[in-house]
Amino acid sequence: MILLKLYLTLAAILCQSRGMTSLDLDDLMTTNPEIQNEIINKHNDLRRTVDPPAKNMLKMSWDNIIAESAKRAALRCNYKEHTSIAERTIGGVVCGENHFMSSNPRTWSSSIQSWFDERNSFMFGFGPTIPGVMVGHYTQVVWYKSYKVGCAINLCPAQSLKYFQVCQYCPGGNVAGRKYEPYTIGEPCAACPKDCDNGLCTNPCAYNDDYTSCPDLTKQVGCNHPVTANCKASCQCTTEIQ
């Protein structure tokens, strides 16, 4: 009888525990400020832990306009393709995009951690250590220049993986030419000693260069030359992270 009572007590505790930890779509909606904070804090916590360390890693913040764009992407229920560049260009800035699909709802922290865990198959400056393995979600999560993020979730009942989570990052990462160097190696905040929050830089550049050659161009001909008219970041941001 004692064993039976003990068993029933344990079963009740387990059921309550499962009930408390179960999730539904409403629990993950990113219109909830608590969910927004969870997403931002998770990203920033992970960005602080990159190995090798980053000297120029920007601190991320939530952006509602980007979240609306991510929502439109999630509503498409298209797991296989990112939204077009035109659709994820916000305020003239091309944003990056990560997808996570699951058969059961997962916390945002869990999904973001899954993206970050691609680092286990990634070597800085080299890329995937296993041919064909995915590492682009990781490099986007830790792309130094991406400092605004917005995310959304949608239920896609026609799919076996029916929970579809999307995050968009601005400016986008995985830039050609340095895709496998998502940041500059160095002592945390070495590039922003006066604008640092626990290892993350807080001085993003509000402008963008239209050409990857802009830093060299501005050094050669200066910022008053017509050829550097589209090099606003290199010309306007002398102390900010760009």
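Quick reminder: no glycine exception, Cβ is built from N, Cα and C everywhere.
For Cys77-Cys156 (among others), the entry in Swiss-Prot reads disulfide bond, with the evidence type sequence analysis. Cys156 (disulfide bond): 17 other CB atoms within 10 A of its CB, across all protein chains.
Cβ neighbour count for Cys170 (disulfide bond) (all protein chains, 10 Å cutoff from its Cβ): 23. Annotated disulfide bond per Swiss-Prot: Cys95-Cys170 (among others), in sequence order, evidence recorded as sequence analysis.
Annotation comment: Swiss-Prot describes Cys151-Cys167 (among others) as disulfide bond. Sequence-distant neighbours of Cys151 (disulfide bond) (same chain, 6+ residues apart, CB-CB distance under 8 A): Thr30, Ile39, Ala67, Ala70, Trp108, Gln165, Val166, Cys167, Gln168.
Counting only same-chain residues six or more apart in sequence, the Cβ atoms lying under 8 angstroms from the Cβ of Cys196 (disulfide bond) belong to Pro188, Cys189, Thr202. What Swiss-Prot records for Cys189-Cys196 (among others) is disulfide bond.
Taken from Swiss-Prot, the feature disulfide bond covers Cys192-Cys201 (among others), and the record attributes it to sequence analysis. The number of other Cβ atoms within 10 Å of the Cβ belonging to Cys192 (disulfide bond), over all protein chains shown, comes to 22. Cys192 (disulfide bond) falls outside any helix or strand according to DSSP and counts as coil.
For Cys205-Cys237 (among others), the entry in Swiss-Prot reads disulfide bond, with the evidence type sequence analysis. DSSP classifies Cys205 (disulfide bond) as coil under the three-state reduction.
According to Swiss-Prot, the disulfide bond annotation covers Cys214-Cys231 (among others), on the basis of sequence analysis. In the three-state DSSP assignment, the secondary structure recorded for Cys231 (disulfide bond) is strand. Long-range Cβ proximity for Cys231 (disulfide bond), meaning a same-chain Cβ under 8 A and a gap of 6 or more residues, is found for Asp209, Asp210, Tyr211, Cys214, Leu217, Thr218, Cys223.
Note on Cys235 (disulfide bond): other Cβ atoms within 10 Å of its Cβ, all shown chains, come to 18. The disulfide bond annotation in Swiss-Prot covers Cys223-Cys235 (among others) and rests on sequence analysis.
If you look up Swiss-Prot, you'll see 41-169 marked as domain 'SCP'. Counting residue by residue with DSSP, the domain 'SCP' (41-169) contains 39 helix, 34 strand, 56 coil.
The domain 'ShKT' annotation in Swiss-Prot covers 205-237.
Here Swiss-Prot flags 1-19 as signal peptide.
Counting only the Cα atoms, the space from Cys156 (disulfide bond) to Cys95 (disulfide bond) is about 24 angstrom. Taking the Cα atom of each, Cys205 (disulfide bond) and Cys170 (disulfide bond) are about 12 angstrom apart.
Around Cys237 (disulfide bond), the C-beta neighbours below 8 angstroms that are at least 6 residues distant in the chain are Cys205, Ala206, Tyr207.
The candidate set comprises the disulfide-bonded residues Cys167, Cys189. Of these, Cys167 has the most other Cβ atoms within 10 Å.
Summary: among the disulfide-bonded residues (Cys77, Cys201, Cys205), the fewest other C-beta atoms within 10 A of the C-beta are counted at Cys77.
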